[in-house]
Amino acid sequence: MVPVTIPHMFAGLANYLSGWVLQSYSVIDSPWNWILRFTLMAAWVLLNLFCLDLANQRLDESVQEDFINKPWRPIPTGRLSQREATNLLCIAIPCTLGFSYFSGGFRESVVMAVLNYIYNDCGVANEHFILRNLMNAFGFMDFVAGASRVIAGPQSSFSALGLLWLATVGAFVFSTISIQDLYDQEGDSARNRLTAPLVLGDWKSRIMTAGAIMVCSLTIPPLFGIRSLAVLICWNAMGFTIAVGVLLSRCVKRDKENFTLWCAWLVLLYMLPPLRA
């Protein structure tokens, strides 16, 4: 939940403050308006994420995996049944769409609902890791777009350079998101999920992921004119640390720590637009 909630709140705020990612946006001219727009954005992110979590955790394969990896979740602990989760989802989706209609980000919520259905109910989450990574990339891009539109106003849109930025976010996620599968191999194997470590093998997937991290580390800041030495040092140091950590890790605990660092790096990625020279 945290890898989606906190980074995308930063993303919406950063895109608004950048002055170049969005166009035709509303000017927030008072502290109360800031509080209102940020609250609406946070609610939009949380509601859409709630629908994603319900859709995923109610499935038979997910319950089986959660008994292995995440036994504290509501269904494995008996606090919620799969039927109750499905009924709750049927309520949550229209409520989320209704909220989005008035807050902004309605189109993005519709897209999210479609991606949610394809990813979970159609089983793409368990298909080849390329499809899985692609769906994750679309999902993250949609969260960025939706959060940005809610805080900037429903009439806002992405500029041409902003669309390139959105595509860059998608490429970043597509190429590096397999880092989350390195620590979850036992559960993924139990549900026959074709993640990169299970398809390519652990070591090959680590080389692929570490290589993608280094490519992103070296190419993204220059692409958008990030020239601040402090930002470049911080960005590249985090990328190098994560890449080396992925290659050297030999235990689940270390892999989880690397994923946590990746989430922090994602926040830094989302904060790059206001830092553009």
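Just so you know, glycine gets a Cβ as well, placed from its N, Cα and C.
Here TrEMBL flags 34-55, 163-183, 226-247, 259-275 as transmembrane segment.
Contact between the transmembrane segment (259-275) and the transmembrane segment (34-55) is not supported: fewer than 3 Cβ pairs lie under 8 Å, counting only residues 6 or more apart in sequence. Listed as Cβ neighbours of the transmembrane segment (163-183) (distance under 8 Å, sequence separation of 6 or more from its ends, same chain) are residues 3, 11, 15, 21, 129, 133-134, 136-138, 140-141, 144-145, 195-198, 202, 205-206, 208-209, 212-213, 215-216, 220, 223-224, 242, 246, 249, 252, 255-256, 258-259, 262, 266, 269-270, 273.
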